[in-house]
Amino acid sequence: MVRFGLTVVRHGETRYNKDKILQGQGVDEPLSATGFRQADAAGLFLSNVKFTHVFSSDLLRAKQTAATILGKNKFCRDLEIKYDARLRERKYGVAEGRPLTDLKAMAKAAGEQCPSFTPSGGETLDEVRERARDFFEFLCQLVVELEQKEQDTHGAASRSSGTSEEPLVFPWTDHCSEAEHSSDNGGASKILDANILVVSHGAYMRNWLGYFVSDLNCTLPTNLTKSQLSSVSPNTGVSHFVIKLENGNLLKPEVTCVCLNQDSHLVDVGAECVAQKMF
């Protein structure tokens, strides 16, 4: 069985986030001072997690967040960040650079509602979900090939004995009920073939979760509400998933959500952590 951890973090705040202006892909704003403080806080929260791979959207706000988080890590500061356009925010076309209220007005005029409304030149929700599906399948293939390579190089026995000596730290389990992480209490079950960090965007991440839930029947925390499930992550909100691939079967990944949009690390940042549901 192939098993890997997936930690997904939304980028830190930009001035456009604060002013509720849509950025999408066409507005490439840097992090604000608050955004860098949020990224620092997320980095400290994840500082003891030994990641094996780091991927980020190639938009500046995500790149800066990923670099800041990695810079705080005790084990993998020198790990290469790989930028992938499939992790970009949803494209909002003519609405990019305009207030969120304009998007709502466009939707109303078209007799539709956000977020299902697609402005001219923008991406549909199905197109965003397809990008997320494509990237996730790429991750699964990556980890399966990595595990097969390890097996060929070292053999199952030597690899298992070496991996079990590596303690894995899961800071988010403090915020989940016992049912969600009880399976991680045993030493052997904590062995992961990879531990992947992804930094992306709010609307994209919500669509990715939608794919996990509707297409892959993702197991969710028992205390998760419908409102939380439909909400966009706050800036630098942290979500963690465990993915299992029985016999390396890429067609039937088992996805378990350990926590969703965790933001306890922001308690001392003083930032506005209220996420907008519309984008």
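Any Cβ shown, glycine's included, is placed from N, Cα and C.
In TrEMBL, annotation is done automatically, which means it is predicted and not curated.
Feature annotations, reproduced from TrEMBL:
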type     : residues                                                                                  : note
BINDING  : Arg10, His11, Gly12, Glu13, Thr14, Arg15, Tyr16, Asn17, Arg61, Glu89, Arg90, Lys91, Tyr92 : substrate binding site
ACT_SITE : His11                                                                                     : active site, tele-phosphohistidine intermediate
ACT_SITE : Glu89                                                                                     : active site, proton donor/acceptor
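All protein chains included, Tyr16 (substrate binding site) registers 17 other Cβ atoms within 10 Å of its own Cβ. Rounded to a whole value, the Cα-Cα separation of Arg61 (substrate binding site) and His11 (active site, tele-phosphohistidine intermediate) is 6 Å.
The Cβ neighbour count for Arg90 (substrate binding site), using a 10 Å radius and every protein chain shown, is 25.
Residues within less than 8 Å, Cβ to Cβ, of Gly12 (substrate binding site) and separated from it by at least 6 positions along the same chain comprise Leu31, Ser32, Thr34, Gly35, Phe36, Arg37, Gln38, Ala39, Ala42, Arg61, Gln64, Thr65, Thr68, Asn235, Thr236. A straight line from the CA of Arg90 (substrate binding site) to the CA of His11 (active site, tele-phosphohistidine intermediate) spans 14 Å. All protein chains considered, the CB of Arg61 (substrate binding site) has 29 other CB atoms within 10 Å. Cβ neighbours within 10 Å of Arg10 (substrate binding site), excluding its own Cβ and spanning all shown chains: 31.
Cβ environment of His11 (active site, tele-phosphohistidine intermediate): Leu31, Gly35, Ala39, Ser57, Leu59, Arg61, Ala62, Gln64, Thr65, Val199, Ser200, His201, Asn235, Thr236 lie under 8 Å away, each six or more residues apart in the same chain.
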